[in-house]
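See structure below.
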């Protein structure tokens, strides 16, 4: 595994568009330069193995995943308490591109692990969308999910390097992403 030249830790509320922003960044930088890493991938894979579930169905935005979300959150927190870097190490395994975009950073312990492991190449990116925008994207508040650490863990305690507003204005979003991409090119 080659050391990354830039690690972008994306965070934001459900339906803020973190995955969309991650895909846009990879598209602009190119797949040879940029890879998207997901902390939830190793978590869901291990959870599926231990609970006899369909891993692929846990990856999509289905009701199947939602049936297990709360227990998966609880289980993941137990794993993190035992080893805060467990899912981070699994996510970066095999990453070769110089730019890593972690599309689902959710906890201060995730940020700290990446900063300890990769230092100055780490940048934090908050993706924000209004509650109205999130509702248009079919977000509905769920007690035990939207008020859990997995959604609120980075609401405080992080001075974000970048804040990307993703409320559906493609021109405004494009300008913000272009500024971020230009900054990355200066470091490559």
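Placed from the backbone N, Cα and C atoms, the Cβ positions cover glycine too.
Taken from TrEMBL as is:
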type: BINDING; residues: 13, 14, 15, 16, 17, 18, 19, 137, 176; note: ATP binding site
type: BINDING; residues: 166; note: substrate binding site
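The two recorded residues, residue 166 (substrate binding site) and residue 17 (ATP binding site), have Cα atoms 7 Å apart. The maximum pairwise C-alpha distance among 13, 14, 15, 16, 17, 18, 19, 137, 176, the residues recorded as binding ATP, is 21 Å. For the binding-site residues listed here (166, 176), the lowest count of other CB atoms within 10 A around the CB belongs to 176. Long-range Cβ neighbours of residue 17 (ATP binding site) (same chain, at least 6 residues apart, Cβ-Cβ under 8 Å): 127, 129, 137, 166. Counting only same-chain residues at least 6 apart in sequence, those with a Cβ under 8 Å from the Cβ of residue 13 (ATP binding site) are 128, 129, 134, 139, 146, 151. Spatially close to residue 15 (ATP binding site) yet at least six residues away along the chain are 129, 133, 134, 137, 138, 139, judged by Cβ distances under 8 angstroms.
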